[in-house]
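Shown next, in structure tokens, is the structure this report addresses.
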Amino acid sequence: MSIAEDVTQLVGNTPLVRLRRVTEGALADVVAKLESFNPANSVKDRIGVAMIDTAEEAGLIKPDTVILEPTSGNTGIALAMVCAARGYHCVLTMPETMSIERRMLLRAYGAELILTPGADGMSGAIAKAEELAKSDKRYFIPQQFENPANPAIHAATTAEEVWRDTDGKVDIFVSGIGTGGTITGVARIIKERRPATQFVAVEPAASPVLSGGQKGPHPIQGIGAGFVPSVLVLDLVDEIVTVGNEEALDLARRLAKEEGLLVGISAGAAVCAALHVARRPENTGKLIVVVLPDFGERYLSTMLFADLAN
């Protein structure tokens with residue numbers, strides 16, 4: 001029999017699908033990795049399970065431990081799912097600018113949510129989590145931006161899936177940068193096997209910190225944290241592409257209407273960057289894999305679908 005012991009065993013092995021109708025002018029073949037097929041509908045399910053597994057194995061979590069994490073939403077949802085399945089209490093700090101759907105999902109999983117000022121971005125959520133942790137020794141912070149289990153799980157799973165499903169023929173890998181765990185983990189494995197594979201990082205044009213610019217507010221939830229995360233290894237990144245807010249929003253809407261892929265704003269940004277790269281003459285005939293991090297249903301109240309409310 002093939003029966004999972006709990007929901008955390010269902011994470012990973014997400015599919016690739018070829019993009020066909022939003023790819024006008026593309027000279028390369030663009031395929032999307034649909035991370036919404038994870039049980040809590042995002043790429044962060046991978047690290048949610050991995051960080052708790054690693055902490056349990058190291059004896060850092062006890063029955064009365066409270067899992068505390070600063071999150072822009074998806075990691076919190078993943079951790080809330082894992083905590084619900086394993087019986088831990090979960091407290092999450094999150095910028096108040098994150099969508100109402102994300103807040104409701106977190107609470108639906110039984111998590112306690114503490115909102116921080118939107119102007120402070122993820123730095124504010126991190127500071128609040130650190131403040132809380134000092135007040136009670138029961139708190140354990142997985143800290144996705146620093147935890148080596150983050151890129152490690154992408155090396156162990158995401159990279160292997162991409163390699164397997166493309167028969168090792170991936171030429172270019174495109175990923176938005178939140179923590180940087182996805183691109184770092186995947187690049188570590190695939191560059192060893194196929195050094196010519198290029199890795200493209202995506203960040204908001206309104207907050208181009210990785211490109212050497214200044215942080216700023218933007219609506220592309222999940223990427224562009226406003227600082228360079230310690231788990232991100234920039235030496236593994238071949239190019240950084242910035243994407244405008246409207247470009248990301250437009251592409252995300254088109255993916256739903258033209259490809260049948262209901263995705264979030266950061267997926268729109270990632271595909272926008274992938275198409276930018278795919279239109280270059282030197283990439284003719286190449287295979288581009290782009291990560292679509294989550295499901296669009298958790299953005300229905302945002303500007304992404306604002307025109308549908310009536």
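Any Cβ shown, glycine's included, is placed from N, Cα and C.
Of the listed candidates (Asn38, Asn41, Asn74, Asn310), Swiss-Prot assigns Asn74 to the same pyridoxal 5'-phosphate site as Gly178, Thr179, Gly180, Gly181, Thr182, Ser266. The two recorded residues Thr182 (pyridoxal 5'-phosphate binding site) and Lys44 (N6-(pyridoxal phosphate)lysine) have their Cα atoms spaced 9 Å from each other. Working note on the binding-site residues Gly178, Gly180, Gly181: by count of other C-beta atoms within 10 Å of each C-beta, Gly181 ranks first. The pyridoxal 5'-phosphate site in the record is lined by Asn74, Gly178, Thr179, Gly180, Gly181, Thr182, Ser266, and its two most distant CA atoms lie 15 Å apart. Counting other Cβ atoms within 10 Å of each Cβ, the binding-site residues Asn74, Thr179, Ser266 show the lowest value at Thr179.
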